[in-house]
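Features reported for this protein in Swiss-Prot:
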type	residues	note
BINDING	Cys176, Cys185, Cys188, Cys190	[2Fe-2S] cluster binding site
BINDING	Cys215, Cys218, Cys226, Cys229	[4Fe-4S] cluster binding site
REGION	4-133	region 'N-terminal SAM-like domain'
REGION	134-165	region 'Linker'
REGION	176-190	region 'Fe-S binding site A'
REGION	215-229	region 'Fe-S binding site B'
MOTIF	215-218	motif 'Cx2C motif 1'
MOTIF	226-229	motif 'Cx2C motif 2'
Amino acid sequence: MNFVQENNHVLYLWAGTVGPEIEQEVNAIKTIPNVQVNVENVERLQLAEYGKSQFDVILAQVATGNSTLVTLLVKLLKPKGKCVFRDDSAASIEQARSNLLLAGFINIVASDSNVYVAEKPDYEVGSKSKLSFAKKSNVAAVWKLDDNEEEERIDDEELLDEDDKAKPTEESLRVCGTTGKRKACKDCSCGLAEELDAEAKGKALTDTSAAKSSCGSCYLGDAFRCATCPYLGMPAFKPGEKIVLTDTQMQADI
């Protein structure tokens, strides 16, 4: 009874028939001050309504190979509580130790008289703890802005000058023929390709300087032109500006 101390709550489990040695052991436990003892038959333990982590010490005449019962005893013990098994089976010390470890006991001590003392870990069965395996690195907050009112900031209104705000002219937007030699680009859309093609074929170009638009919106671009407008496909131009059209452009598609 060296495992029982003052103020302990003890569970005594017996198997078979009640003999005089059981009464002697229970009476010896009761002589320890402030000790509460519960005596229970092994076969009726699962029917008893004992709570989890209720006992400080359990004295059990239980075979360590009874995994169901051994696991139940782990739950009945308080953390760091001890359970003393008296195993009369033919199990070896190695086998008994393995059975107790698998049930959840630690610090198992065996004696030659088939008595095993096992301890419950210092935590409840089923408890969990968060494990952090990620290594934290000290990363500088590169994009963090300090709340400093004296810091110089760029005014977006100063990013553009008056020249940048000026509306570009048609000649400045014309890409073809800007290298000195009049040569149309591969995907010319400013009309130079048609102009050079007409000159190469010797075709006369139609002067539309005196032409008047019936809708008055031809110069705005294709989005504002009629379906039969001869200026379709040409860039926008200024009102009254001289525009040269080829013979093919003067013919309607339908």
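Just so you know, glycine gets a Cβ as well, placed from its N, Cα and C.
Residue pair Cys185 ([2Fe-2S] cluster binding site) / Cys226 ([4Fe-4S] cluster binding site) shows a Cα separation of 27 Å. In the structure shown, the C-beta of Cys218 has more C-beta neighbours within 10 angstroms than that of any other entry among the binding-site residues Cys185, Cys188, Cys218, Cys226, Cys229. According to DSSP, the region 'N-terminal SAM-like domain' (4-133) comprises 38 helix, 38 strand, 54 coil. With DSSP classes pooled into helix, strand and coil, the tally for the motif 'Cx2C motif 2' (226-229) is 0 helix, 0 strand, 4 coil. According to its DSSP assignment, Cys188 ([2Fe-2S] cluster binding site) is coil.
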